[in-house]
Structure formats: structure tokens, C-alpha cells
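Q: This is the structure, below, for whatever I ask next.
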Amino acid sequence: MMAVKKDKTMMQTLQHAVKHHGYFSLYDGLSAQLLRQLSYTSVRFHLYETGKRYVDEYNFLHKMFIASIAGLVAGAVGIPSEMVNTRMHMDRMLPHEDRRRYKHVFHGFYKVCQKEGCGALYNGWSYACVRAALLTIGQNAVYDQAKNYYMKTFNFKHHSKTVHLLSSITAALACIPIVQPIEVLKTLNMQVKAGYFKSVGEEVKYMMRFGIRGLFRGIVPGLLRMLPNTVVIFLIYEQLRLTFGYTLNEKKCSFE
């Protein structure tokens, strides 16, 4: 959706994929996506929640700092699986002679190392790390800040499912426009061989052939993925926290 050559809508892209490649083509890259979630997302949440205990968790700037560090580290952990995931998603759009045909994530690792060297697994590492940092700020830090705001303004309790739902929706809506331009450049960078673009300027120019919206291509499907993903993650997380973890001290929230 982001780096296709023709300007298609989301529905046209879906119809084309199902018509020409079958319904299950919508799940290309599933194994890589699962591995990415198990590694990258777990590290991101763990580091953020751990680091948050050592700062003023009601101060948004402190949470942004912790979220940035957590995102950068998690991004570095998840780059190989994310790169293979991106290539598996985009493979059917390539000419037959250029397709990589990875069978699963580990086959993808093997083929990349065999043909391009293991260092190629880290193509687009800078974008992936920046994206992970922004994503953690947009999801985790904004979620906590929104939760504090709703608790203070509407007198919700920390265990209220309503405040969890509202906060997760707020986080998703805030996150997607922040992350999408980096997501576009990261996807573009990961699907080509190292050195194809000589500078960030060339990559931006390539996407700007669609106009300024080129940097926001795929924002609608991105939102449709981000919104339920964020809501489900935080609703489950809060129930796990309430059952097995620590609970917040119900003290006055500050918004410095």
C-alpha cells in the first residue's frame, strides 16, 4: 500500500490481492509478524514499564524519555524480523523474476544471509529504531498521559475498563500520524537492496512523486490496524496488571 507504483485505494489493493492471489495472501508475512510481536513488542513494553518506575510517572516529559529509550532498544531487537516481514508483504507486487519467495521468517533469515550477507538483515535500521521510539511515545506514553487525564477529569478509577478503552483509542489516534512518515520510509528502505538510495533526500523525493500525501500513504489501513491492536493490547495489559502486577497509587496527577 505504501510503496506500490500505481496510486490505488485501500479497497482496490485488497480486491486486487484477493482476486489474483487468494484470500490468504492477506496473511503474507504472518510468521515474521508473530516473531516480531513476541520479541520487539515484549521488549518495548517491559523496558518502558520498568523504566517508568524510576521517574515521575505523572510527568509526560519523563515518560517520553523512557519511551524513547525503550523504543530504540526494542527497535534494534526487532529489525531482522521486521525486515523479513516487510519483504514478505511486498513480494507479490514485484515482477516474477525479482520475487524472493520466503516460505517463513526463518527461511527469510537464511536467504538474506545467503544472498546479501547477514548485515542486510539490518537494512533500514535507523528508520526502524526511530519508528519504534516514536511508536512507544505515541502508544505507551500518550496512553498513560490520557489515562491520567481521564482519571482526573472524569473521576475514573485506575481499574475502570472505560478509562482503559478511552485511553487506548486516544493513544492510537495520536500515534498513527506521528509514525506514518517514518513507516513509509522504513518500508521503502527495507524492500530494496542496501545502497539503492544514496540519501534520505532521495527516499523522500521518491515518495513525494505522489505529493505530500506520499509520506502518509497507507495511513487509513495503518489506522485500521493500529486502533484495534492498541485497544486489545492495553485492555489485556491492564487486566494482567490488575491481576498479577502492581497498581497505581491514586494520588493527584500532574501534567507538567
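Keep in mind that glycine also has a Cβ here, set from the backbone N, Cα and C atoms.
Sharing the record's features from TrEMBL:
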type     : residues : note
REPEAT   : 1-54     : repeat 'Solcar'
REPEAT   : 58-149   : repeat 'Solcar'
REPEAT   : 159-243  : repeat 'Solcar'
TRANSMEM : 64-84    : transmembrane segment
TRANSMEM : 215-237  : transmembrane segment
Q: Using DSSP, how many residues of the repeat 'Solcar' (159-243) fall into helix, strand and coil, respectively?
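A: Summed over the repeat 'Solcar' (159-243), the classes give 71 helix, 0 strand, 14 coil.
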Q: Would you mind splitting the repeat 'Solcar' (1-54) into helix, strand and coil residue counts from DSSP?
A: 40 helix, 0 strand, 14 coil
Q: Average the pLDDT scores across the repeat 'Solcar' (58-149) and report the rounded value.
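A: Mean model confidence (pLDDT) across the repeat 'Solcar' (58-149) is 91.
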Q: What is the three-state DSSP composition of the repeat 'Solcar' (58-149), stated as helix, strand and coil residue counts?
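A: Taking the repeat 'Solcar' (58-149) as a whole: 79 helix, 0 strand, 13 coil.
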